[in-house]
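Engineer: My structure is below; once you've seen it, I'll send some questions.
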Amino acid sequence: MMSFVSLLLVGILFHATQAEQLTKCEVFQKLKDLKDYGGVSLPEWVCTAFHTSGYDTQAIVQNNDSTEYGLFQINNKIWCKDDQNPHSRNICNISCDKFLDDDLTDDIVCAKKILDKVGINYWLAHKALCSEKLDQWLCEKL
């Protein structure tokens, strides 16, 4: 019984270290390379990430014919490739599961490509929720 409980705890702790629910200030810090990229302020990016994934780096959303991955909910039909959609255009030239870790480097590179190709309104939350009153998305701890 003791080994079962130990194994269960290890499984829970392992899972908890795999998923990363970031805080606003952590996102603000990790996205600093996006500051003013394409005319989009850092608070806009932080707000967009919150309303897109809730700052969950392992967020996966299944839609009718596609799946979206990670902090920025990057779509597998156009931007990345996975087993579900092997004929993706894969513009970011990356496996979608790379967007599910806490290293946001590849997420940021792909987000820049998305911004360059289709603009910030790729993320529907931006226009509706992240284009005004952005003071709440600043992080004073930095």
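From the backbone N, Cα and C atoms, a Cβ is placed for every residue, glycine too.
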Engineer: Which one, C80, C130, C139, is listed by Swiss-Prot as the other cysteine in the disulfide with C96?
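Structural biologist: Answer per Swiss-Prot: C80.
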Engineer: Where Swiss-Prot annotates a disulfide for C130, which of C47, C92 is the other cysteine?
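Structural biologist: Swiss-Prot annotates a disulfide bond between C130 and C47.
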Engineer: Distance check, please: Cα of K98 (Ca(2+) binding site) against Cα of C110 (disulfide bond), rounded to an integer number of angstrom.
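Structural biologist: Cα of K98 (Ca(2+) binding site) to Cα of C110 (disulfide bond) measures 11 Å after rounding.
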Engineer: Which residue counts does DSSP yield for the domain 'C-type lysozyme' (20-142) in the helix, strand and coil classes, in that order?
Structural biologist: 56 helix, 12 strand, 55 coil
Engineer: I'm trying to understand the geometry here, so how far is the Cα atom of C25 (disulfide bond) from the Cα atom of D101 (Ca(2+) binding site), in Å to the nearest whole number?
Structural biologist: 18
Engineer: If the Ca(2+) site is taken as the center of the Cβ atoms of K98, D101, D103, D106, D107, which further residues of that chain fall within 8 Å of it by their Cβ?
Structural biologist: G70, F99, L100, D102, L104, T105
